[in-house]
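Copied over from Swiss-Prot:
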type	residues	note
TOPO_DOM	1-15	topological domain 'Cytoplasmic'
TOPO_DOM	37-44	topological domain 'Extracellular'
TOPO_DOM	66-398	topological domain 'Cytoplasmic'
TOPO_DOM	420-429	topological domain 'Extracellular'
TOPO_DOM	451-456	topological domain 'Cytoplasmic'
TOPO_DOM	478-494	topological domain 'Extracellular'
TOPO_DOM	516-530	topological domain 'Cytoplasmic'
TOPO_DOM	552-574	topological domain 'Extracellular'
TRANSMEM	16-36	transmembrane segment
TRANSMEM	45-65	transmembrane segment
TRANSMEM	399-419	transmembrane segment
TRANSMEM	430-450	transmembrane segment
TRANSMEM	457-477	transmembrane segment
TRANSMEM	495-515	transmembrane segment
TRANSMEM	531-551	transmembrane segment
Amino acid sequence: MPVSLSTALRVVGTSLFALAVLGGILAAYVTGYQFIHTEKHYLSFGLYGAILGLHLFIQSLFAFLEHRRMRAERQPVRLGRSVALCIAAYQEDPDYLKKCLLSVKRIAFPDLKVVMVVDGNGPDDTYMLDIFHDVMGSERAGSYVWRSNFHARGEGETEAGLQEGLAHVQALVRSTTYSCILQKWGGKREVMYTAFRALGDSVDYIQVCDSDTVLDPACTAEMLRILEADPRVGGVGGDVQVWRRGGDGTHGGTALALVALTPSPPQILNKYDSWISFLSSVRYWMAFNVERACQSYFGCVQCISGPLGMYRNALLQQFLEDWYHQTFLGTKCSFGDDRHLTNRVLSLGYQTKYTARSRCLTETPTRYLRWLNQQTRWSKSYFREWLYNALWFHKHHLWMTYESVVTGFFPFFLIATVIQLFYRGRIWNILLFLLTVQLVGIIKATYACFLRGSAEMIFVSLYALLYMSSLLPAKMFAIATINKSGWGTSGRRTIVVNFVGLLPVSVWAAVLLGGLAYTAYSQDLLSDTEVAFLISGAVLYACYWVALLTLYLAMVARRCGKRKEQCGLVFAEV
């Protein structure tokens, strides 16, 4: 069969499958078909709930199978390949940057080239260059303060000076083991482009890393193992995890005892700094070890995260210019860099994978507003890249199509459900919905406790409320402002508070409170049965929160603020 005809058939088939999935979910939602229900429908179980439950079960099953496959991996790592680690830095907290660079020096991989590019070349940025020299060693490190960047001249820069700077940056990066470039501000994508362009085809693989990331010594070798094992894989991402300290304070076992096969507890650098950073840590674990692990089973991980990822350089150089010059609705894109990098790999028909054996620590916002801004930025890139990703459904497993449809449209179904319940239902319907949300959260949390082997994962169920109250309106706001660009969150050295993110949350809260008041006012008098259900449901809901908050105070709150223990890692020591 001709290639063009085969491709056309796959496009048609995949498109029909996507429409069938969406149509099936929509039909189940609209018809409201119920398998079982009590008299007057106080309790019921319908087709729509069954579909969502089946989705969670299948996703969890394939995630489990992928973890089992990861643990069984025994193929030796070929250390003869050349790898460059590219670090993107912007107004980084000095302590985080130092920890990042110290962990880089401890990576167990021979002749690893390190390129750090700083987004900014002013007096307020030079402290990062000083830290780079202090940690990496001035005798092996080269540096250059560039007045320009690859796409914009610095103030007073001539064309000849620009070309001289370009040549100097490329020569420096290719000739030195450790190099640090300070360049004219241009955003994270500009920083990444400089590192990729300067390296050219001088290495086989490129590893990416953010300046707030602490890397496990085996992370590079473990990602390389995946890429070397299958030429169809174009990129691989790792996990945010902790490697346990050995009893003598050295690496627990051999240097490439390679991330113990028994799952150790994932963590974030500032996990216990606040309630929001703690909940983010358990959410990160679910995102990586369930959602992305499932995607990895089918070779279609849709986002290789910036803190820890590796790509085939030959592929990266192939789409570098298209990646950098990406536009959306006529506007140049300057966020979603990592997701679009992953999408470019997928667009070429290559697989993307995830390995829990490659680990790192990263920083997450500790304040609600900064976290909200971060989530809004990520949601913008998700919806924009969803449209781009849909162009390549036919090149990959049907799971990629199915999951994209389900996760892409789920927020809209959820909003429609909430508004309908709050404005057209009864008080009991609203309470039952809240109970159902938490029940699903508890089921997911129980599975996470089993998979990870940690009781802390029970707090995944708390994240459900955060999703309903904050993430849902943030996603809608992200769609409304999808073309507004920027880093989205400020640098960590100077935190800038942005109150814009509160607008959609406030509007959403007003909508819900208004609906609750309207329903309470307009509904008929409650029957004795409904009163009994309301009292029972309210008591059950209150008991749930009392139990979870008690556990939180006992297990988590007492540790908040004790950042010292976060540095007690083999690869995070200072």
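Backbone N, Cα and C atoms are what each Cβ position is placed from, and that goes for glycine too.
Below 8 angstroms of C-beta separation, residues 14, 17-18, 21-22, 25, 29, 55, 59, 62, 294-295, 297-298, 300, 302, 383, 386, 389-390, 393, 433, 468, 472, 475-476, 511-512, 515 of the same chain, each at least six residues beyond the ends of the transmembrane segment (399-419), sit close to that stretch.
Mapped onto DSSP helix, strand and coil, the topological domain 'Extracellular' (420-429) counts 8 helix, 0 strand, 2 coil. Mean pLDDT for the topological domain 'Extracellular' (552-574) in the predicted structure: 59. Listed by sequence, the residues of this chain that lie at least six past the ends of the topological domain 'Cytoplasmic' (1-15) yet keep a Cβ under 8 A from its Cβ atoms are 393-395, 398, 401.
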